[in-house]
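A.B. asks: First, the structure itself, so that you have it in front of you.
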Amino acid sequence: MTDQTNLSTIPAQREPSRLANFWSGFVHAMKSNPLTAFAMLLFSLFVIAAIFGEAIAPYDALATSSDTLQPPSWAHPFGTDQLGRDVLSRTIVAARVDFGIAIAAVSISFVLGLGFGAAAGYFGGWTDRIVGRLVDTIMAFPLFVLAMGVVAALGNTVWNIVYATAIINLPFYIRFARAEVNSRRDAGFVEAARLSGNSSARILAVHLVPNILPPMMVQVSLNLGWAILNAAGLSFIGLGVRPPTPEWGIMVSEGANYIFSGEWWIFLFPGGALVLAVFCFNLLGDGLRDIIDPKGRT
């Protein structure tokens, strides 16, 4: 008599989940790319500064003193500005303002761009033409000039800066989502979903959008850096956050008045933080691309 194997006793091998695949790719990217690991470290520091800035800052970022224009020292590692405010404390606290504006603006443009772009790519026709005209209208202007016009018309409040930054980011997400959905709308899994009786809204929400989210995350990372730069640029020319709120663009603008008199620290440290933030998100975008694209792994 031959022994028959009871198949029910053999444990089924589960395929790795998306979370497991992402974590594996994340660990691989950290080990194989030191720049990505460095960017993640910088990002973590900026997040800590944005969340706990007021708690970890050595001084009150708005407090003035008689110790004006003091160079870097043990008491004030980044020196003091023209009003005696501690530059280190203001640089740390400013991360919350710039990161808050960038995250809010990119979130709005991502959601709207994903919706408009996915609809245009899936339905085509008049929907595609109308969305295309919207993108062409926005792109007809130099984007920073358009942001300046929006803020000048609505007023330089934080939320108006968010709206202006979201508007100039919108075309990138619309175009990306449209192209990705358009290339997949006739794929086999989409046809199978149609034959199963799924509505167009369900096909978009359940089958198409989840497939285009991973590559869009790379664009999100790159846009976060650009949004921070845009917010700082508006503040630098006087159309952004109003003083005395700590913000990197304002601090660089104020420090520019003291370059030739020798007080270099007023603009150097907030300007360096701004450069590092943009650099950090650009490197994170490259790292995310390596994680999302398995073909790039060895």
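Count begins at 1; order follows the chain as displayed.
Cβ coordinates are placed from backbone N, Cα and C, and glycine is handled just like the others.
Curation does not apply to TrEMBL; its annotations are automatic.
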A.B. asks: Of 77-97, 224-244, which span is tagged transmembrane segment by TrEMBL?
C.D. replies: 224-244
A.B. asks: Grab the same-chain neighbours of the transmembrane segment (130-152) for me: Cβ-Cβ under 8 Å, and only residues 6 or more beyond its ends, written as numbers and ranges.
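C.D. replies: For the transmembrane segment (130-152), the nonlocal Cβ contacts are 116-117, 119-120, 160-161, 163-165, 167-168, 170-171, 174-175, 178, 230, 233-234, 237, 239-240.
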A.B. asks: Counting only pairs at least 6 apart in sequence, do the transmembrane segment (224-244) and the transmembrane segment (35-57) share 3+ Cβ pairs under 8 Å?
C.D. replies: no
A.B. asks: In the same chain, which residue numbers or ranges, 6 or more beyond the ends of the transmembrane segment (158-176), come under 8 angstroms Cβ to Cβ?
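C.D. replies: Hits for the transmembrane segment (158-176): 97, 100-102, 104-106, 108-110, 112-114, 116-117, 120, 131, 134-135, 138-139, 143-144, 146-148, 150-151, 212, 215-216, 219, 223, 226-227, 230-231, 234, 240-241.
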